[in-house]
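Enquirer: First, the structure itself, so that you have it in front of you.
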């Protein structure tokens, strides 16, 4: 356990004011009037699509207030409770994001065996083809690195260093 006693940063008004300003600015960048937030704020802003800058500001303000209050109230809880609350909130945000796709769950559960089988077969097929090509390139590069030809050695050593040094995500895209 940590025995250092210090003030909690989120209990300082200047910090909450700074977080409030940043979060408000970020949410003002996004036009959330056509979303569920806009419909939720309909009694305040009227027709969300016609509310303009006032609607954007009202929605961003309410989201920011809820966010900042959430941060402050969580800070009063013990560490283990804080972790549990944050995990629960992140799980709920993930589920809300997943629900926003309006997927047909009966259709998915009905076709799940076929979809999983197709995914497994495609993964094995692509992996086998990749393995063959990677083996061919590796054999050619290994032979070239053993070669006394400077040109072949240079190409093979460059390829090896380049492919090892470049992150895989960069190589894919």
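Glycine is treated like the rest: Cβ placed from N, Cα and C.
Automatic prediction, not curation, is the source of TrEMBL annotations.
Not my notes, these are from TrEMBL:
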TRANSMEM  14-32  transmembrane segment
TRANSMEM  53-79  transmembrane segment
TRANSMEM  85-108  transmembrane segment
TRANSMEM  120-144  transmembrane segment
TRANSMEM  150-170  transmembrane segment
Enquirer: Would you mind listing the long-range same-chain contacts of the transmembrane segment (150-170), meaning Cβ under 8 Å and 6+ residues beyond its ends?
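Expert: For the transmembrane segment (150-170), the far contacts come to 137, 140-142, 144.
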Enquirer: What else in the chain is close to the transmembrane segment (14-32), if you only count residues 6 or more beyond its ends and a Cβ gap under 8 Å?
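Expert: Here the qualifying positions are 38, 56-57, 59-61, 63-64, 67-68, 71-72.
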Enquirer: In the same chain, who gets a Cβ under 8 Å from the transmembrane segment (53-79) while lying at least 6 residues past its ends?
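Expert: Tertiary neighbours of the transmembrane segment (53-79) are 8, 10-11, 16, 19-20, 23-24, 27-28, 31-33, 37-38, 41, 44-46, 85-86, 89.
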